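S.K.: First the structure, then my questions, so here it is.
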Amino acid sequence: MTDTQDKNYIIALDQGTTSSRAIIFDRDANVVGTSQREFAQHYPQAGWVEHDPMEIFATQSATMVEALAQAGISHAQVAALGITNQRETTVVWDKETGRPVYNAIVWQCRRSTEICAQLKRDGHEGYIRETTGLVTDPYFSGTKLKWILDNVDGARERAERGELLFGTIDTWLIWKFTGGKVHVTDYTNASRTLMFNIHSLQWDDKLLQILGIPRQMLPEVRPSSEVYGHTKSGIAIAGIAGDQQSALFGQMCVEPGQAKNTYGTGCFLLMNTGDQAVKSSHGLLTTIACGPRGEVAYALEGAVFNGGSTVQWLRDELKIVNDALDTEYFASKVKDSNGVYLVPAFTGLGAPYWDPYARGALFGLTRGVKVDHIIRAALESIAYQTRDVLDAMQQDCGQRLSELRVDGGAVANNFLMQFQADILGTCVERPQMRETTALGAAYLAGLACGFWSGLDELRDKAIIEREFSPQLDETQKEKLYAGWKKAVERTRDWEDHEA
């Protein structure tokens with residue numbers, strides 16, 4: 001706890017995949033200052049994605065200065081700083097100079113596909129799943145780190161001599177902000193590395209041995225809400241969470257069975273499972289979330305590959321809408337989709353199908369089908385895919401969803417939100433505060449330093465702007481969903497491949 005009596009603001013740093021942002025909140029959790037800076041994406045080969053860690057730090061530092069200036073406040077008025085970040089992205093740097101030995105390898109980067117294939121051939125897949133809650137995939141940090149050690153000249157030897165440090169983006173930023181004094185991460189970010197035992201809450205020696213990672217490179221793992229250190233200007237760094245877990249906390253989904261969906265290019269669904277690390281039989285990830293006081297809780301996570309990107313396809317490739325915002329108007333012009341289903345399996349199907357060979361398709365076309373029906377079917381596909389994942393979550397954990405809390409760009413679409421409630425048969429709650437990811441980091445930092453007293457105070461600030469209640473009867477709902485399931489089956493295993 002720190003004395004926050006005269007300090008009336010919390011800064012949240014939201015370090016994302018394409019931009020760095022800073023958002024300043026007051027005691028009522030209102031936004032009083034913001035700044036955002038984009039940075040370069042590097043694509044050295046097909047399927048490879050990199051960022052410059054120094055540019056990430058520079059843009060993130062600049063946004064903090066700019067947000068403070070916009071709000072007209074000084075560092076001395078800030079009680080604490082919370083960090084939320086793109087997860088899995090991997091940085092390795094020299095402990096003495098603070099210079100990265102290679103660009104940050106981004107979560108989207110697929111360069112370690114062959115490393116993952118070798119892990120599977122060597123029979124490690126089951127142990128990885130059991131220990132980390134994750135699947136053996138290039139998405140996660142461990143194989144990215146192995147690639148750097150194997151491919152950057154001298155990196156492995158330097159790491160073994162204790163000269164190099166590893167971190168996800170939160171760790172890198174904190175190390176830089178504290179002038180190299182603090183090398184730390186939180187449980188949520190550690191749980192995405194493929195090196196962390198989510199049951200013992202320790203780095204896993206067997207996994208480090210399998211991947212060939214020297215343990216001394218790794219940061220200390222701490223709870224998501226505590227004071228880790230101070231910036232050079234004296235601000236307490238007091239909260240860390242990966243972006244999706246931060247949004248879950250920002251939505252106050254801290255009890256078992258509470259869930260949120262972030263509607264972006266794809267959709268990220270997380271359901272809090274409390275102190276139970278639920279093993280999924282539907283290919284969902286088991287991950288660490290934040291409990292009521294920022295302590296360890298568990299969650300199930302599932303991703304929908306194509307959400308907002310389906311609407312972008314209507315706009316950019318089919319050119320049947322000029323603006324994503326127009327889809328609500330066109331979808332509402334017709335009473336239903338006229339039997340049309342769009343399955344947007346452009347890059348295969350994610351949870352719970354896991355079919356990389358599925359391909360997108362339109363079903364139910366007749367001469368009576370208009371553009372409006374196709375636009376409506378595209379929006380409905382986002383809601384159907386969300387139900388696919390939530391049904392799997394409910395089956396895995398035996399918890400009935402109480403309500404779905406939503407955030408992300410597409411939640412402004414009232415048609416989509418209403419249809420989501422209809423097809424789930426569950427209330428959908430849209431918060432007044434849309435900055436839920438940054439808010440989660442601010443809450444974690446504010447709780448750690450006594451800026452806010454506890455969960456009850458935070459719940460009072462969680463104003464629901466609109467609640468969408470289900471309006472379809474059970475028979476109608478299940479008939480529509482059965483049509484979706486039938487359409488999905490027809491898209492399965494479409495692309496030719498070797499068995």
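A Cβ is built for glycine as well, from the same backbone N, Cα and C atoms used for every other residue.
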S.K.: T63, T265, T273, T366: which one does Swiss-Prot list with T17, T18, S19, G308, Q312, G409 for the ATP site?
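M.R.: Looking through T63, T265, T273, T366, the residue Swiss-Prot assigns to the ATP site is T265.
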S.K.: Pick the one from Y43, Y139, Y298 that Swiss-Prot also lists for the glycerol site with R87, E88, D243, Q244.
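M.R.: Among Y43, Y139, Y298, only Y139 appears alongside R87, E88, D243, Q244 as glycerol-binding in Swiss-Prot.
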S.K.: I want to verify one value. Collapsing DSSP to three states, which class is R87 (sn-glycerol 3-phosphate binding site)?
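M.R.: DSSP assigns R87 (sn-glycerol 3-phosphate binding site) to coil.
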S.K.: In this structure, which of the binding-site residues T17, Q244, Q312, N413 has the fewest other Cβ atoms within 10 Å of its Cβ?
M.R.: Q312
S.K.: Can you tell me whether DSSP puts Y139 (sn-glycerol 3-phosphate binding site) in helix, strand or coil?
M.R.: coil
S.K.: In the same chain, which residues outside the set R87, E88, Y139, D243, Q244 have their CB within 8 A of the centroid of the CB atoms that define the glycerol site?
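M.R.: Here the non-site neighbours turn out to be Q86, W107, R192, G242.
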S.K.: By CA distance, which of the binding-site residues (T17, Y139, D243) lies nearest to Q312 (ATP binding site)?
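M.R.: That would be T17, the closest of T17, Y139, D243 to Q312 (ATP binding site).
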